[in-house]
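Listed features, source TrEMBL:
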BINDING   Cys38, Cys46  [4Fe-4S] cluster 1 binding site
BINDING   Cys47, Cys50, Cys55, Cys69  [4Fe-4S] cluster 2 binding site
BINDING   His260, Cys296, Cys334, Cys444, Cys474, Cys516  [Ni-4Fe-4S] cluster binding site
Amino acid sequence: MAEYEELTACEASLEMLKKAAEDGQETAFDRVKQQKGCAFGEAGSCCRICNMGPCRINPKKPDESRGVCGATMDTIVARNFARMVAGGSSAHSDHGRAVAETLVMAAKGEATDYEIKDRIKLLEVAADLDIEIGERSIEDIALEVGERCVGMFGQQEGELDFAQRAPEPRKEIWRQLGIFPRGIDREVVELMHRTSIGVDQDYENILLQASRCALSDGWGGSMIGTELQDIMFETPVPIESKVNLGVLKEDEVNIIVHGHEPLLSEMIVLATNLPEMQEKAKSMGAKGINLSGICCTANEILTRHGIPIAGNVLQQELALLTGAVEAMVVDVQCVYQGIGQIANCIHTDIITTSPKAKMPFAKHIEFHEDHALDIAKEIVSVAIDNYPKRGKVAIPDKTESLIAGFNHEYINYMLGGKFRASYRPLNDAVIDGRIRGVVGVVGCNNPRVKHDDINVRVVRELIANGCLVVMTGCAAQSVAKAGLMLPEVARDICPQGLWEVCEAVGIPPVLHLGSCVDNSRILIALTAMVNEGGLGDDISDLPAVGCAPEWMSEKAIAIGQYFVASGAAVVFGVSWPTTGSKNVTDLLFEKYNDIYKNSWHFEADPEKMVGKLLTLIDGKREALGISAKRERVLYDMAMRRELKI
Ligand code: SF4
Ligand code: SF4
């Protein structure tokens with residue numbers, strides 16, 4: 001058992017790892033030991049983008065060799081990093097495109113299972129896009145919003161509309177650098193072109209386009225995903241739920257949705273609640289249907305419906321090993337091929353649903369938005385049919401409660417009230433030191449480091465040091481499992497200032513903001529803090545930092561790059577993919593402070609990572625002139641006007 005304790009900080013996962021070994025089943029935790037890693041790949045110094053290669057430059061002797069085409073270490077490392085940004089941006093953005101296309105279909109009456117649930121959000125987004133509201137019908141407005149968003153993918157010139165939401169000084173930086181994103185697809189295509197053989201061979205220039213591409217994700221594809229999902233499925237509000245493998249039920253049909261796009265998972269929620277489906281489950285001897293989620297699609301239905309989370313990305317194989325899952329329904333992104341191999345040995349069906357993502361050992365039931373609910377019913381039906389085929393079941397008796405469903409709209413409302421929605425109290429709490437700073441902790445799990453351990457340790461220490469933490473992705477699920485997303489945690493762990501704020505507004509010190517595309521919510525929240533006043537003129541002035549302690553996906557690199565290009569410092573853990581080139585690493589870690597007024601940082605050790613985050617926050621506080629511990633004062637309008645910061 002001790003050897004497994006090195007692998008995960010999650011008790012339910014520990015139990016399942018032991019069971020995997022007993023059953024002779026292999027998981028990512030085993031395969032990571034077989035994949036030792038390669039020094040060239042780790043340094044980013046291997047190039048295989050043309051057939052004269054692969055070419056490898058020795059990270060210890062970077063100046064002694066070049067690729068066959070003459071490419072230097074700097075060029076190769078910058079290209080590899082930039083292509084991670086392109087890959088990550090394309091994933092978020094293709095998700096956003098599917099949502100925009102579905103909104104158009106729904107508005108035209110061609111996808112009748114989808115609705116415009118959040119009309120207020122629709123009108124807000126329409127107003128931001130300068131779309132006329134007048135006496136027009138909701139469907140008409142939704143159609144124009146959807147079509148404008150679809151258009152942003154193919155836009156060739158000009159400036160992306162949602163990027164206009166950024167603070168003015170930030171937009172000026174982008175314009176001066178020539179990186180204001182034009183169209184979402186254009187930036188990805190141009191980055192892929194520029195990093196192919198014999199094109200852009202200036203590492204600084206390559207990374208400028210990487211920023212432009214990443215910005216088209218954060219302020220484009222991801223933001224479209226978040227905004228339009230809110231319109232169709234409602235903007236989340238705080239909601240209580242449970243997390244970890246113990247949410248699976250022994251006497252019910254267990255269906256897990258896994259992947260990213262709520263277009264599918266929302267329909268599965270609807271289908272599982274239909275009386276006909278519940279009856280069918282009972283006719284098979286089950287007490288009902290129990291839906292849960294894994295990864296970001298779990299975050300989507302958690303924040304809107306309170307559907308429990310079975311686990312994060314590293315628990316997808318472990319969930320199947322309980323023997324209690326009738327179907328794991330997947331769409332796109334972060335779905336391990338390993339689940340097919342495990343499912344092949346047990347009664348579970350892996351059901352792929354996207355024409356973009358098929359896999360061996362899976363049943364493919366293709367999802368189409370124009371008859372979404374019928375397909376969801378077919379999927380649920382397949383799961384129910386599997387229930388009698390179950391063998392022995394072993395569900396860890398481990399769950400934790402959490403409150404999720406926070407976002408810019410709710411922060412605004414909870415702090416200011418319905419009629420005076422405002423970030424003023426948040427900014428005041430930061431200014432008077434009750435909140436030391438705001439840290440976005442995002443990203444994944446990675447079996448190269450102890451599962452959940454770093455995410456949890458970093459967040460616990462941050463809130464103990466007075467930081468308000470906002471979270472998305474699988475990192476949020478790590479921290480929820482550790483019980484840190486409950487309001488009562490504030491009094492136990494946080495210093496007096498932070499717990500007073502948390503208690504006054506009834507929030508936990510760690511706010512679950514949703515899925516990975518919902519990192520766009522953090523951009524909006526940071527911009528709202530700037531616009532509220534008193535904390536500088538740009539995102540780069542705020543005592544706010546981002547970090548991804550256990551990242552693995554290239555989507556995390558895209559997110560980091562758009563945060564840095566938007567002015568927020570970012571600290572990543574695990575390992576860093578540009579170490580082969582001193583010039584590229586210096587650019588990202590040092591020179592970006594001149595270019596973007598903040599930069600990337602790397603720190604694998606959780607304690608040192610917290611130290612770095614606090615130093616960055618305190619540096620901003622000092623620059624704002626709010627570093628000294630102040631007596632708590634209530635700012636009236638006159639005092640606010642006098643505030644020079
Ligand atoms: S592009 Fe250059 S460095 Fe890369 S594989 Fe081809 S020859 Fe080698
Ligand atoms: S946080 Fe990482 S692992 Fe989890 S769903 Fe997002 S990209 Fe995938």
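Note that Cβ sites are derived from N, Cα and C of the backbone, with glycine treated the same way.
Features per TrEMBL, on structure.
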| residue | record | Cβ within 10 Å |
| --- | --- | --- |
| Cys38 | [4Fe-4S] cluster 1 binding site | 11 |
| Cys46 | [4Fe-4S] cluster 1 binding site | 20 |
| Cys50 | [4Fe-4S] cluster 2 binding site | 15 |
| Cys69 | [4Fe-4S] cluster 2 binding site | 15 |
| His260 | [Ni-4Fe-4S] cluster binding site | 31 |
| Cys296 | [Ni-4Fe-4S] cluster binding site | 30 |
| Cys334 | [Ni-4Fe-4S] cluster binding site | 24 |
| Cys444 | [Ni-4Fe-4S] cluster binding site | 25 |
| Cys474 | [Ni-4Fe-4S] cluster binding site | 34 |
| Cys516 | [Ni-4Fe-4S] cluster binding site | 31 |
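The binding-site residues examined here are Cys47, Cys55; by Cβ neighbour count within 10 Å, the least packed of them is Cys55. Listed binding-site residues: Cys38, Cys46, Cys444. Those with a CB atom under 6 Å from ligand 1: none. For ligand 2, the nearby binding-site residues are Cys296, Cys444, Cys474, Cys516; that is, of Cys47, Cys50, Cys296, Cys444, Cys474, Cys516, these have a C-beta under 6 Å from one of its atoms. The [4Fe-4S] cluster 2 site, placed at the center of the C-beta atoms of Cys47, Cys50, Cys55, Cys69, has further neighbours from the same chain whose C-beta lies within 8 angstroms: Arg48, Ile49, Met52, Gly53, Pro54, Gly67, Val68, Ala71, Ile76, Ile197. Of the recorded residues, Cys69 ([4Fe-4S] cluster 2 binding site) and Cys46 ([4Fe-4S] cluster 1 binding site) place their C-alpha atoms 13 Å from one another. Using a 10 Å Cα-Cα cut-off around Cys55 ([4Fe-4S] cluster 2 binding site), the binding-site residues Cys38, Cys46, His260, Cys296, Cys334, Cys516 reduce to Cys46. Across the structure, Cys474 ([Ni-4Fe-4S] cluster binding site) and Cys38 ([4Fe-4S] cluster 1 binding site) are spaced 26 Å apart at their Cα atoms.
Taking the centre of the Cβ atoms of His260, Cys296, Cys334, Cys444, Cys474, Cys516 as the [Ni-4Fe-4S] cluster site, the nearby residues of that chain (Cβ within 8 Å, site residues left out) are Cys295, Asn299, Val313, Gln333, Gly473, Ser515, Ser553, Lys555. The two recorded residues, Cys50 ([4Fe-4S] cluster 2 binding site) and Cys38 ([4Fe-4S] cluster 1 binding site), have Cα atoms 20 Å apart.
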